[in-house]
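If you check TrEMBL, you get these features:
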DOMAIN    34-135  domain 'Gcp-like'
DOMAIN    162-371  domain 'Gcp-like'
BINDING   Ile169, Val170, Ser171, Gly172, Gly173, Asp202, Gly215, Asn337  substrate binding site
REGION    229-248  region 'Disordered'
REGION    384-415  region 'Disordered'
COMPBIAS  390-414  compositional bias 'Basic and acidic residues'
Amino acid sequence: MSLTNAGGSPAYRILAIETSCDETAAAVVADGRHILSNRVASQIELHRRFGGVYPEVASRQHVLAIQTVVEEALADVSVAHVRELDAIAVTHGPGLAGSLLVGVNLAKGLAFASGLPLIPVNHLEGHIYSNWLYPDCSPGVESSASEDGNGRTQRGGSAFDQFPALLLIVSGGHTELVLMEGHCRYRLLGATLDDAAGEAFDKVARLLELGYPGGPAIQAAAESGDAGRFHLPRPLMRPGRRTERQPDAKASLLPTVLPVQGEHRFNFSFSGLKTAVLNLMRQLEREGTEARQTQTAADIAAAFQMAVVDVLVGKTADAAAEFGVKQVCICGGVSANGLLRRAAEQHFAKIGLPLHCPPLFLCTDNAAMIGAAAYYRQSYVPARQPSPMGHEHRQHAQEVAHSTPHDQRSEPPARDFLALDVYASLPLVDSVER
């Protein structure tokens, strides 16, 4: 399968592999924008009985599925041997160590056998670059723009090179606000202090016995719920006046909130919200109300979902105004939440700021986003460049961001916040030598 880019040159095709958690995925991406193939083997049914991802089961399932998934991804583009491509990319962290090893070991073997360069990709950077993919180039996807939870088109389609951009990364393991000052140049503005938003969704769904995974379960239950029946806290937010309304009429029953001032202005915390749900359920039980009764559970789910969205959109809106960004990108598994997408769309449409959310099939873990990130990282970051950003720089950047007016800041240059992850990241070279 021969492809050329807009300039007439042969397209740069990357085989990407993703096994960071419970999705075994492989894809072929051309020039960082075009999805030529995208295969994902999900393990959701295997983990449903546990109410969450069981690491040992996940890694064993990756071993069983990875060869078939990669072969299918190559067959989709009529590639007989991986050496017909230009590079191999693989997620090397963060994630479950046992799961990561499966993908990394296969990628190393393929790179050794083919002589192709091997590009390590941070999983979070993959989510970021899901906003740069052209979804209409994916097999079976007809729309040329992203879709929200109701199938409506998001303004702007895929993201373009407009910087600075504000990134909200929101998933089961991460909730972070990041200023993207250029390709592969980031500054961390805030992160969760405890539970990530997706983790809170899973835990609350488990409390309400709604099933796994928690995000879709909470959203489904909330559709028939009354978000105004119960009031839940908005962690690290304060009472305030905000002119925009949530897109859901039920949200008007809730008080308006703004981010707290000071050190935690752009940080998140969802552990207390989860505890508030537990305390509410116990209170209802003491009063003789079955908290897991269908309608009551739906009302709690709606109130919880609204509280999370209030926090996510409120802090993102505040950061966008503070740093004068040119576009906002939301990514990660929780970006598939319909209420989050509608609320963000309503706010940023009012102020005329482009908003980008990946199509739903690119919100959850996939290899296409890894291929996109690999292309941009190889294009903009010198090979084997050591990470210049350590703990001291991160601490300084946080202090500057929270203590000095934006127009008076003398900030250190943008650095690669992705090097800061303390999760399992496996050492990997940029190429494998024979």
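From the backbone N, Cα and C atoms, a Cβ is placed for every residue, glycine too.
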Counts by DSSP class (helix H/G/I, strand E/B, coil) across the domain 'Gcp-like' (34-135):
59 helix, 23 strand, 20 coil
Specify the secondary structure state of Ile169 (substrate binding site) as given by DSSP, simplified to three classes.
strand
Least surrounded among the binding-site residues, given as Gly172, Gly173, when other CB atoms within 10 Å are counted:
Gly173
When a 10 Å sphere is centred on the Cβ of Asp202 (substrate binding site), how many other Cβ atoms does it contain?
23
Express the predicted model's confidence over the domain 'Gcp-like' (34-135) as a mean pLDDT, rounded to an integer.
95
What residues, ordered by sequence, lie under 8 A Cβ-to-Cβ from Gly215 (substrate binding site) and sit at least six positions away in the same chain?
Gly198, Phe201, Asp202, Ala205, Gly333, Val334, Ala336, Asn337
Could you say which of the binding-site residues Ser171, Asn337 has its Cβ with the most other Cβ atoms inside 10 Å?
Asn337
Looking only at Ile169, Val170, which of these binding-site residues has the biggest number of Cβ atoms within 10 Å around its Cβ?
Val170
